[in-house]
Structure formats: structure tokens, C-alpha cells
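S.K.: Annotation source Swiss-Prot lists K(+) 1 binding site at Ser26, Asp93. Feature annotation from Swiss-Prot assigns NAD(+) binding site to Gly150, Ala151, Trp152, Lys176, Pro177, Ser178, Glu179, Ser229, Val230, Pro231, Thr232, Gly252, Cys284, Glu384. The annotation active site, charge relay system is assigned in Swiss-Prot to Lys162, Glu461. Swiss-Prot lists Leu244, Lys454, Gly457 with the feature K(+) 2 binding site. Residues or ranges marked as active site, proton acceptor in Swiss-Prot: Glu250. Positions annotated as cysteine sulfenic acid (-SOH) by Swiss-Prot, on the basis of sequence analysis: Cys284. Per Swiss-Prot, the feature active site, nucleophile maps to Cys284; the stated evidence is sequence analysis.
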Amino acid sequence: MKAQPKASHFIDGEYVEDSDGTVIESLYPATGEVIARLHAATPAIVEKAIAAAKSAQPEWAAMSPMARGRILKRAADIMRERNRELSELETLDTGKPIQETIVADPTSGADAFEFFGGVAPAGLNGSHIPLGQDFAYTKRVPLGVCVGIGAWNYPQQIACWKGAPALIAGNAMVFKPSENTPLGALKIAEILHEAGLPKGLFNVIQGDRDTGPLLVNHPDVAKVSLTGSVPTGRRVAAAAAGSLKHVTMELGGKSPLIVFDDADLDSAVGGAMLGNFYSTGQVCSNGTRVFVQKGIKTEFLKRLKARTEAMLIGDPMDEATQIGPMVSWAQREKVVAYIEKGKAEGATLVAGGGIPNNVSGEGYYVQPTVFADVTDEMTIAREEIFGPVMSVLDFDDEDEVITRANASEFGLSGGVFTADLTRAHRVVDRLEAGTLWINAYNLAPVEIPFGGSKQSGFGRENSLAALEHYSELKTVYVGMGPVQAPY
């Protein structure tokens, strides 16, 4: 098999196999071929991983942030040196086109290691509080053993986005990738240990929906960070609440992308396409509700249709390919069902709407699809599809579109295209979302916080803000004089 790892799990600095676990077959989404066969973690494997993390963490926490940072920066360098190899593995794992993975996946993970490796002393600083003769100070201390649970759309990136802040803050991590994309995180663990990370600090175990509760409910776990769906988030939050664990969650979205009539139309069309079709639409922050002001709707749709129909669908390993397959057959069937629902509920099909005929019949392909004349009540305008399906809605004025944009249980992200920057700032101030773009979309460099509100989660990935979620504040009061007691 072309991508078979040495073993299913990476624990305490080495590969570990346990064939008693349920078999997980990794399939190449472009062909359905089995490229690796792994095993889900048994309870014994979960215990082994958490025990390794718990044992290694105190000594790691005692190191200086600068020393920890040097290791992360070495890992970043190794990832960049092996970008092609890692990108090809990511394409095999996810089906995303190599033209995307080579610029957006391992490189983003390397950026996270470099960023957190370089900012640790400043990001973990406390404060001094003068209190007259006395004073107090605060310091940030690690939480202990952290669990990361990844999604299948950006497996390598997510492993790094969670691992980097956890490690630099002095924690140990047990990371569980999605069973759909089990391969990339193992390579990240390899690279971290090659860079000098002590054993036991970054462990990877495979698993399915039965494995997560073993991690979340474990008494030695201090914090859980999840990237996933809203239903999964609710289950994890409920389980973690029983032992008052720290929790951060980056969940789903149904984000609005608003195009006003003074916007640069080609840029707005490009933003809408990036916000719906990148990674075959499998991006949580996608602006899948595209609100277009009525005066430009016809021209917007004309340009959008032409550019969408010109996209190249095909072999993800071909650098010319722009649209690859969905991650799995089940996800393809889900997306196709939503497309049929859009047709049945009366939306106007502008482009796509079916299965492309120029690709392997065994692959999990869906055409990039655009619907117009979508209303707020339609299923495709309310529910997260997680595929290349764009809904175009029209609007008259600013107040109307803000009200409609906010009428969603989700609040992950949103965007505004307009030449009027005063209006742009006014609109984003009123949008109920955690991450917003003006005249851009879906750009998420590690220097800025990323996360949502409402049902889209809480907490932030990346930036110095992430360190607050992997540490806690300790306050120390220092008395400088005699203690006066009233008795």
C-alpha cells in the first residue's frame, strides 16, 4: 500500500501497533484505493499515550520557553525542507489538489511551529502589580496533558495548530486525527521528535467516535481542543463538563459573504469562489451564503458562472487540477443530497449540480455548484453542507442584509466586499461572527486569532490568544511587612 505507516500510533517517541483495535482503512479519495490500513486505539493504547504524556510533561514544563521554542523552530525547518513529501501525503490523505496542499497545508503547520517557537517568552509573560508596600505578580503555567481532536479537512495543519501552542506553553499532547485522514499527524510526530522533542510530549493515536470519549473522560486530561462538527462539539463539551476540563472548540459554520454594489466585482467573485470551492468546499469558515446587492446580481452571476465552469476537475496529483474529490464516499453522498434538496426547493441552478464525467467513476467527485434565487428558509441556506455548493441570495440595503446574515445559529466567520471602508467597518461591527474579512476571504495566517461564536464554538486558534487557552494564570501576593492580625 502506497502510504502505509510503520504502525498505527506514535507514543512515547516511537511507533506502536496494537492489532486488537478496529481496522481503519485509509482510502485515496480520487480512486477509492486502500492506501493504508491502521487500527483504532484500544483502551490500553489510550492509557499508554496519556501515561507517556503525563510522565514527560513536568520536565518539559521546567525547561525555559526559549529552549522549548528552539525545538519547535527546528521542526518548522524540517517541515519546509520536506514540503513536497508532506504535501503529497496530504493529497493522498484528503484528496485535495496538490496545487493547494503544497502552498497551504504543511506550510501553515510549519508557520505555527515557527510562530509559537519565536514568541514564547513574550506570550507567556506575567505582570507585576504594585500594591503600596506590598506587591503581586502573575505568571502563566501549563495545564498538563492536553488532548487534540482533529478534523479531516486540514489534518496536518490542525495537528500543528493545536500542538504548537500546547507544547510551547509547557504541556504534553495526545492527538487523535480523524479516522478519514489518519496519516499526516503521524508524520508531524516523527518530525517533532527528529527536531529534538523529548519522548512522550506529542503522541498520536488513531480512533473513531468510540475513542474520543476515552480521551475526553480521562481523569489525567486537563484540556480538550476539538475541531469538528457542532453535534460532536456538544458531546465533547458535555463530557468534559463532568470533570471541569478546559475546552476550546472550532466547529461548523454557515457564514455570510456580503457583496455591495460598489465592490470590485472580479475580486468579489474571486472571494466567493475561494470561500466556497477551495479544498472542494470542505472548509469550516466558508462563506456559503453569498449575499449580492440586487443591482449587480446579474453581472455577478454571469462572471461567477463563467469562472466556475472553467475550473479544472481531475486527478489531485496533477498540478493543473483545481477541484479534487470529496474526502469520502459518505461525504459525497451527503453533498449530492443537498444539491438535490436545493433543486427540489426551487433554487435556480447556475452551474454544476452533479457528478463530473471526466474523472474516475470510483472517485468521490462533485461538480462545484452555484445556486441563485436562494431564500433564507431553504435548507441549503440554513445547514452546513461542507462541500462545493454556493448559495447566492440577493438584498436591497445594509440593514436588511445584516439582519438576515445574523439570522443563523452559527457564528464562525463572514466577509464584506465594498469600496466604502467606512461601511465595511460598520458592517463587520454588527455581524455576529468571530472571524471576519474585508475585501478578502478565508485568509488565516497564524499571527491572527481564528475562531467563532454562537454554535460555531469558543476559544481561539493561533496568535498569542491561543496561549491563554493552553495555560492558566497563577497570582502571587508578596507581603513586604509584618502581618497585622486583629486577634
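Every residue gets a Cβ built from N, Cα and C, even glycine.
On a predicted model such as this, the values are computed, not experimentally measured, just so you know.
What does the local environment look like for each feature on the list?
M.R.: Here Ser26 (K(+) 1 binding site) comes close to Ala3, Val34, Ile35, Ala36, Arg37, Leu38, Asp93, Thr181, Pro182, Leu183: these same-chain residues lie at least six apart in sequence, with C-beta atoms under 8 angstroms from its C-beta.
In sequence order, Ala151, Asn153, Thr227, Glu250, Leu251, Gly252, Gly253, Phe386, Leu412, Ser456 are the residues near Cys284 (NAD(+) binding site), counting only same-chain partners six or more apart with C-beta under 8 A.
Sequence-distant contacts (6 or more apart, same chain, Cβ under 8 Å) of Lys162 (active site, charge relay system) comprise Cys146, Gly148, Gly150, Met173, Phe175, Ser225, Thr227, Glu461.
Sequence-distant neighbours of Gly457 (K(+) 2 binding site) (same chain, six or more apart, CB under 8 Å from its CB) are Gly233, Thr248, Met249, Glu250, Leu251, Leu412, Gly434, Gly451, listed in sequence order. In the three-state DSSP scheme, Gly457 (K(+) 2 binding site) is classed as strand.
Under the three-state DSSP scheme, Cys284 (NAD(+) binding site) falls in the coil class.
Glu461 (active site, charge relay system) counts 26 other C-beta atoms within 10 Å of its own C-beta, drawing on all protein chains shown.
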S.K.: NAD(+) site residues Gly150, Ala151, Trp152, Lys176, Pro177, Ser178, Glu179, Ser229, Val230, Pro231, Thr232, Gly252, Cys284, Glu384: biggest Cα-Cα distance, Å?
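M.R.: Per the listed residues, the maximum Cα distance equals 24 Å.
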S.K.: At a 10 A cut-off on CB-CB distances, which of the recorded positions Glu179, Glu250 has the highest count?
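M.R.: Result of the Cβ crowding comparison: Glu250.
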S.K.: If you count the C-beta atoms lying within 10 Å of each candidate's C-beta, which of the binding-site residues Val230, Leu244 ends up with the smallest number?
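M.R.: Counting other Cβ atoms within 10 Å of each of the binding-site residues Val230, Leu244, the minimum falls on Leu244.
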S.K.: Tally every other Cβ atom lying within 10 Å of the Cβ atom of Thr232 (NAD(+) binding site).
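M.R.: Here the count is 18.
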S.K.: Could you say whether, by DSSP, Asp93 (K(+) 1 binding site) belongs to a helix, a strand or a coil region?
M.R.: helix
